[in-house]
């Protein structure tokens, strides 16, 4: 039996176009993620007893660092697609073709969450050292927003017809136009909607984090600083490891695309590292009964 009514099909990357200007779904979803994250993190920070202005002051630095990190990370592992004849591209502005390095065309897609996490974390360390804020308290109020923002942002992959999985005929199958399919699957029409899997998984992660935060805020549960951050690393990375195994466009360390034959899937490797880091953090907090070292403090101790 065909379940055509459940078929997913992207309407395209552009929400609307006005003359030379266009609004892309990808950019809109990122903007929505930022706004939702700002409001949620500000509310959680206030309940945590942090300064009300903290999130507003941190957000511009965090967003800029995260976007830059996400793009650099992606381009670094896909460098072959941005060299030689592919190095230059152009944008049309008022009927003028302006040359631009293709690596800067972030609006066309091609960002990686792990790059955003790395640069975003570094920016928080810098900010907390500068403002003398407690690093783990700050990052604990941010991770629920990160999970929710990822759930929203993943839909940008849907509109761009990217980051999809291997062929499938499941009821929730995703139709991919011919020009976006890997050559090996050129005759296949339907694929796993891995963007949807990750979006749903991130909502699940968000639910766990916000539930525990509220329990802690009501004094019904004791959560030492860093607990939510470690839990985020573990839960998000578990889902990402599985979902990455379905994708046809993984970033590879060596190997042959689209399945990194003879090489490694970078996201799975990073996920294993993050799971290990999260478990070590939980062990230190709850078994060794020691506070996590504060990376924003010069001596590594909590401020």
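Cβ from N, Cα, C; glycine included.
According to Swiss-Prot, the feature transmembrane segment maps to residues 106-126, out of the candidate ranges 85-105, 106-126. Taking every listed stretch (106-126, 133-153, 193-213, 223-243, 266-286) in turn, the largest tally of C-beta pairs under 8 A with the transmembrane segment (18-38) is reached by 133-153.
In terms of C-beta pairs under 8 Å, the stretch of 106-126, 193-213, 223-243 lying closest in packing to the transmembrane segment (266-286) is 223-243. Packing against the transmembrane segment (106-126) from elsewhere in the chain are residues 13, 24, 26-27, 58, 61-62, 64-75, 77-78, 135, 138-139, 142, 146, 150, 156-157, 160, 162, 251, 266-267, 270, 295-296: each is 6 or more residues past its ends and has a CB under 8 Å from a CB in it. Through the fold, the transmembrane segment (133-153) approaches residues 29-30, 32-34, 36-38, 40-41, 44-45, 48, 50-51, 54-55, 58, 62, 113, 117, 121, 124-125, 127, 198-200, 202-203, 205-206, 209-210, 213, 223, 225-229, 232, 236, 292, 294-297, 302-303 of its own chain, all at least 6 residues removed from its boundaries and within a Cβ separation under 8 Å.
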